[in-house]
Every structure is written in C-alpha cells, then in structure tokens.
C-alpha cells in the first residue's frame, strides 16, 4: 500500500470523507465533503500528515499555517521536522499587536505555506500575499487534499508550486 493509500485510509477511518450535498466556502456545492476538523483532531491522521509534510521540507524552512485549518498542521509538522512556524491570519486582528502574520518572521525568509484543503486556492493565495507583504519568500504550498477545482492553477499563477498529499480523485476512487 502506498503512502497516499495509507492516508486515504486514515482519512476515511476518521470519517473525514462524507457524501451528500454540501455548500462549500467559496459558495459552490459538492456531493462530497472533506471535514478538516475530523482529520486534524484525529491523532493518527494528524501524525501521518505531519510526517508526510516533514519529508517534503528542508531543515532551514519556516512553515506558515493558514488560519484556522492550517495551524494545527503547521504546528504538528514543525514539531515533527524541528522547524519554526508562523500563523497567517485571514485578516489582521484589531487588538494587541494587530498583526496579520503571527510569530517570528525575518525579511527574505523562505516560507512554505501549509493548508488543509485547496478548492479554488484563494485562501492559500491570500496567505502567500500576506507573507510576501511581511517580507517572506514563498514559492511552495503543502496541501493535505487538493479538490482539483483550480487551486493548483491559481497558486501557479502566483508563482507558488502546490504539493498535495492526496487529491479528490484519490479519495473518490478509493473503496
């Protein structure tokens, strides 16, 4: 069994892949849904994802978890790989430091975005833009599930290579 098959099995065992009619965050609908909260709170899934992501990064990389779903993934991967991470908020908070990027980030630092699910890719692109505005160099994004609905292409338009652990096809073809 491949690493992809193992992860698909873990996602299904956590009941993270559901079928029915679902409204998605971008306003579209889908006959299936991948519940990030179920796979991100399942220790077997989270551990497998962190190990797979850690294998795909260099030791001098900083990770950036896209709030909310990318944060536990970035934290687990950073712990697994022994690298730092920052949090990319959807918008700057209106209190405290009012930062959009939380954590230590040096100018020119190489950052890899970590995201749970890519549908259109817009959330990841927004995080990339915020990180670049903060001085980071961002060329890669690690995604757990690529729904194969344009996310890879949108990220590529912004100069970011997407690496997904599983695709919608992997999830839907598995029985």
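For all residues, glycine too, the Cβ spot is worked out from N, Cα and C.
Computed from a predicted structure; not experimentally measured.
Under DSSP, residue 89 (5-phospho-alpha-D-ribose 1-diphosphate binding site) is assigned to coil, being neither helix nor strand in the three-state scheme. Around the Cβ of residue 89 (5-phospho-alpha-D-ribose 1-diphosphate binding site), the number of neighbouring Cβ atoms within 10 Å comes to 18. Per Swiss-Prot, the feature 5-phospho-alpha-D-ribose 1-diphosphate binding site maps to 89, 90, 93, 115, 116, 117, 118, 119, 120, 121, 122, 123; the stated evidence is sequence analysis.
According to Swiss-Prot, the feature orotate binding site maps to 119, 147, an assignment based on sequence analysis. Just so you know, the Cβ of residue 119 (orotate binding site) picks up 21 other Cβ atoms within 10 Å once every protein chain is counted.
Of all the binding-site residues listed here (93, 147), the one with the fewest other CB atoms within 10 A of its own CB is 93. Working note on the binding-site residues 120, 122: by count of other C-beta atoms within 10 Å of each C-beta, 120 ranks first.
Sequence-distant neighbours of residue 118 (5-phospho-alpha-D-ribose 1-diphosphate binding site) (same chain, 6+ residues apart, CB-CB distance under 8 A): 124, 141, 143, 145, 146, 147, 151, 152, 155, 162, 164. Taken residue by residue with DSSP, residue 116 (5-phospho-alpha-D-ribose 1-diphosphate binding site) is part of a strand. Long-range Cβ contacts of residue 116 (5-phospho-alpha-D-ribose 1-diphosphate binding site) within its own chain (separation 6+, distance under 8 Å): 36, 39, 40, 66, 69, 70, 73, 143, 144, 145.
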